[in-house]
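Have a look at the structure below before the remarks.
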Amino acid sequence: MSISPATLSHLPLLLLLLLLLLPTSSLSKTFLVRVHHDSKPSIFPTHKHWYESTLTSLSPTTTTTTDQTPSRIIHTYDTIFHGFSAKLSPLQAKNLESLSGIVAVIPEQIRKLETTRSPEFLGLKTTDSAGLLKESDFGSDFVIGVIDTGIWPERQSFNDRDLGPVPGKWKGECVSGKDFPTTSCNRKLIGARYFSDGYEATNGKMNETTEYRSPRDSDGHGTHTASIAAGRYVFPASTLGYARGVAAGMAPKARLAAYKVCWNAGCYDSDILAAFDAAVRDGVDVVSLSVGGVVVPYYLDAIAIGAFGASDAGVFVSASAGNGGPGGLTVTNVAPWVTTVGAGTLDRDFPANVKLGNGKVIPGVSVYGGPGLAPGRLYPLIYAGNEGSDGYSSSLCLEGSLDPSFVKNKIVLCDRGINSRAAKGEVVQKAGGIGMILANGVFDGEGLVADCHVIPATAVGASSGDEIRKYITSASKSKSPPTATIQFQGTRLHVRPAPVVASFSARGPNPETPEILKPDIIAPGLNILAAWPDRVGPSGLPSDKRQTEFNILSGTSMACPHVSGLAALLKAAHPEWSPAAIRSALMTTAYTVDNRGGTIGDESTGNSSTVMDFGAGHVHPQKAMDPGLVYDMNSYDYVDFLCNSNYTTKNIQTITRKNADCRGAKKAGHIGNLNYPSLTAVFQQYGRRKMSTHFIRAATNVGDANAVYQVAVKPPSGTLVTVKPEKLVFRRVGQRLSFLVRVEAVAVKLTPGSSSTKSGSIVWSDGKHVVTSPLVITMQTPL
């Protein structure tokens, strides 16, 4: 077929006409529709009938899909969210939003997964006669709902030996599907569901040769996170011979419910919201969500909306902070009713050092369990970026970028980025290489992640990568070509310093609400051993046919379920505590000092980390069981917070389902007066020399009946901080007393558009309990 020059000249016009002639659904996407639940006309027997009629009532030209059938409802929601999701064109969405009874029409986001020794490192020892595990009976009658990629129920981490009957409050079910009969559930895994309609509405019917249309996990992520939260004790446990010992979750007797929402193409908001809706209806006590994405206003954020509904129902929600670190403003899942968890290291690592031909030893880490390199032998070493026709692709060891004639029988240095770390080793292997060194980029810094490689391989930091490249360049010019080997040293315990903030862990400040410090806390998230499914190799690569019952992964995805499990233990020990009280207990008892006695470090730089990295600090489970005081909140406190955030009444109703009268909230306070366990102020200097603000907080006594707390203030540098009163005298458990914190700050010299952040603390103590709140002051100079 030939195209004339005249036709080519009119191509843009032809494309426009083609777009106009296409059915509108070819330009459509999924929207979440919040409705006034009580607005259903009595003529409709159910809300779903009303929703379907509402869609049909839109003009025919905007309600047809490619096969000329009416737009169909994907999910209906009736517990924490009233409404439905549907595939709509932008015009449909606009028309729908104008109809009576519609509160909001929210575009769907696509989320991504945020990808032992933990109990011992956290002080949870089974031999203790008292403590959090004993007090909570290991979380026996509490249910953790894990919203993730599903679960592999046959793992020993999910056995139900010696567990009592399923809690009577449980209303959930075990939904059968491909390779997942209802008998897959037991007294440990008491519920399992899957939600794929949102995924398929965008991507078409799933490929059931690569995915299970059932709660069964074809990825591994959900199995791993579920066992971190509530895995049973399993011995022996290891991954390819590494991290040998007992595997256990945080709440070994807690019950699990798996809600599968993540598929090969991602995790879709419509499915996530359906999972939240089902989990709360089923009766979970905790929701664990190791899924993240972009930060948007809360009324456009399905996770924030779903989490609010869960919190409003008394369910604690823990979510991963994201893996966008070490850069600032990268933290996700930042709503104040969500406990946002960053990642720290354990006191365990897996050294695999590089020995260069010049005798220099470069530190690295790896989990490699296959045939090793010959002891004492050095192998030819090359940098992949020097060997391909496309230097950029080859430097990253992308698929097909390496020339076997240069790579064969050599160790190859690859740069981190674009494809997965394990995939780079596979590329080297296919080209005939015998080993790989994976070098961090500048942005990754010195943080190291141990991977289950398919080839002898190790990871090194950015500065080490530079050193190896320099050695290759200098040695190549000499009579002694560059050589190296990798020395695998297995598992090393009692590493110091620990914990350290993981390089990848997302950092503050909070992009949506700078006045709320996020992340809230950090928990173990680097090189975590947990359960793993069959049919998925430990590297995650399709070609990896190895099987292992446990795998070692890193990410805030792994940190989040640690806190989810701890929340279940705290709820079991203190059934009367609200989600806000549990978060407060975890935050005010967290620590900021490592096992060498210094401030927790930053893995990416080797320097000390800050509150923007670790929030209130690293979780301390035993102290959280008896925090002394908590900063409690209810749903109406969050409504006041949204009012003071200048959200409209309709925005607030979209999030909370509550009719807000913001006049009282705005008159009574400001955004910083949310009764949060941390205190954060942002000052816009505007040429002013002195600025001031105040915080009002209310502490609830959950310690001894008669207790007197004295305050100690560590002001951020350059500020004057006063607390009134300086003493809180409690006469009974449950008593709530208020105090005021006034902060005066002096302007600092800043270039336009820049900022300066300083931190201190407010500490209340009765001689037995120490209740610590970070106090953060940010000075900004507008452009």
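Every residue, even glycine, has its Cβ placed from backbone N, Cα and C.
Since this is a predicted model, take the numbers as computed values, not measurements.
The signal peptide annotation in TrEMBL covers 1-28. If you look up TrEMBL, you'll see 31-113 marked as domain 'Inhibitor I9'. As annotated by TrEMBL, domain 'Peptidase S8/S53' applies to 139-597. The annotation active site, charge relay system is assigned in TrEMBL to Asp148, His221, Ser557. According to TrEMBL, the domain 'PA' annotation covers 379-468. Positions annotated as domain 'Subtilisin-like protease fibronectin type-III' by TrEMBL: 673-777.
On the structure: features taken from TrEMBL.
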residue : record                           : Cβ neighbours (10 Å)
Asp148  : active site, charge relay system : 29
His221  : active site, charge relay system : 25
Ser557  : active site, charge relay system : 30
Task: Give the residue counts of the domain 'PA' (379-468) per reduced DSSP state, in the order helix, strand, coil.
output: 29 helix, 22 strand, 39 coil
Query: Within the domain 'Subtilisin-like protease fibronectin type-III' (673-777), how many residues are helix, strand or coil going by DSSP?
result: 1 helix, 66 strand, 38 coil
- prompt: What is the number of residues in the domain 'Inhibitor I9' (31-113) that are helix, strand and coil, as DSSP sees it?
  reply: 25 helix, 28 strand, 30 coil
- request: Take the C-alpha atoms of Asp148 (active site, charge relay system) and Ser557 (active site, charge relay system) and report the distance between them in angstrom, rounded.
  value: 10
Task: State the Cα to Cα distance, in Å, between Ser557 (active site, charge relay system) and His221 (active site, charge relay system), rounded to an integer.
output: 8
- request: Please give the average pLDDT for the domain 'Peptidase S8/S53' (139-597) in this predicted model.
  value: 95
